[in-house]
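Per TrEMBL, domain 'tRNA(Ile)-lysidine/2-thiocytidine synthase N-terminal' is recorded for 74-208. Annotation source TrEMBL lists ATP binding site at G77, A78, S79, D83, I109, G187, D192.
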Amino acid sequence: MSGEEGNDNKETSSPQKTTAKKQQLCCICNQKRPALKRPKTLEQICKECFYDVFEEEIHRVIVENRLFKAGERIAIGASGGKDSTVLAYVLSELNRRHNYGLDLFLLSIDEGITGYRDDSLETVKRNEIQYGLPLKVVSYKDLYGWTMDEIVKMIGLKNNCTFCGVFRRQALDRGATLLKVDKLVTGHNADDIAETVLLNILRGDIARLGRCTAITTGEDGPIPRCKPFKYTILGVRIAGIYSPNAYRGFAREFIKDLERMRPRAILDIIRSGENFRIAVSTKMPEQGICERCGYISSQDDLRSTCCLNHFSNSMKREWKWCKACVLLDGLNRGLPKLGIGRSRGVNRQKEVEQTNGTKSIESKQCGTLDF
Ligand SMILES: Nc1ncnc2c1ncn2[C@@H]1O[C@H](COP(=O)(O)OP(=O)(O)OP(=O)(O)O)[C@@H](O)[C@H]1O
């Protein structure tokens, strides 16, 4: 035993030691041992105080940003992961505590990934019972005729995140439409948003950079989306089962390194994104409607495709399809790489004629960077 540990003579305790002992208590209740340090304030707080502070913080975000109106039907995108599970709990709790008057539903997309989504869906089913929220599960198989396992079998591990991201985004909208909800909320948190800001800067994607920090998006579309955890730093994320987007992975690591040196770095990146202004002279992509499925998509994502090969050349016309339809068409025709790639801003789009007469926008694959 060292002299210091063995010294029980209280009179000789130095003032520093007394302060150190005091600091070992939660700085809110001053009673319990702290369980964590809040990245935003660096305060050391106990578990119980953390729950209180966290819930009230989310309540403040909801109220200050007027995320909901009484009587609205809200779908919670429930993946069974930690963020959306916490979101389901907090929203149902706040709805009850503060009388928001919301009708809450859980909406899960089953991508068809054996040993991964089937497990997390079990969590969502438990949440359905625990929180008393009705659950709707919508599967890729039902919507698109393909599971992710089948897609990966055809395309391999390299480009599958493009399919998963594009299909999931649309599946969430379709599920929300089936539930007849007014809004969809997701568990995207501050880390996700900071990552996306950084990636959109690295890609020079001005349109997405302009909208990726908004707490509510898609207000001009069928189902607006809200991110009540926009300012919440929840912790380390675990990559998806199928190969994660490596580029995003590097951005994530970079942000986590910054956070280790300066815990506010994540919130500062978000603030930079929020304060970013697009020059009036910048040409922005407009909204369009997919001529195949009727789904709203930005012109940036709508692809021109000449798919009716049985027409004579003079009768051929260009169809504007959303990215999900282009990807699906590629899969169904046994040419899954047809739709891979992304447009790189309105001024840099370049259509290329492919061997089978199909046109697509020439670009590099990088997964989806919209929420
Ligand atoms: N299969 C799914 N079904 C329903 N919602 C989903 C699904 N996948 C993602 N989401 C929604 O999108 C949010 C972000 O998902 P993402 O996979 O990028 O992050 P995550 O940190 O792993 O989230 P979570 O911890 O909730 O799984 C989730 O919090 C959830 O609201």
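Along the chain as shown, residues are numbered 1 onward.
Glycine is treated like the rest: Cβ placed from N, Cα and C.
Here the features listed in TrEMBL are placed on the structure.
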{"residue": "G77", "record": "ATP binding site", "contacts (Cβ under 8 Å, 6+ apart)": "S84, L107, S108, I109, L172, L184, V185, T186, G187"}
{"residue": "A78", "record": "ATP binding site", "contacts (Cβ under 8 Å, 6+ apart)": "S84, T85, A88, L106, L107, S108, V124, N127, L135"}
{"residue": "S79", "record": "ATP binding site", "contacts (Cβ under 8 Å, 6+ apart)": "S108, I109, S120, V124, G187"}
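The average pLDDT the prediction assigns to the domain 'tRNA(Ile)-lysidine/2-thiocytidine synthase N-terminal' (74-208) is 94. For the ATP site, whose binding residues are given in the record as G77, A78, S79, D83, I109, G187, D192, the maximum C-alpha distance rounds to 19 Å. Cβ contacts within 10 Å of D83 (ATP binding site), excluding its own Cβ and spanning all protein chains shown: 20. DSSP assigns G77 (ATP binding site) to a strand segment in the three-state reduction. Using a 10 Å radius centred on the Cβ of G187 (ATP binding site) and all shown protein chains, the other Cβ atoms total 23.
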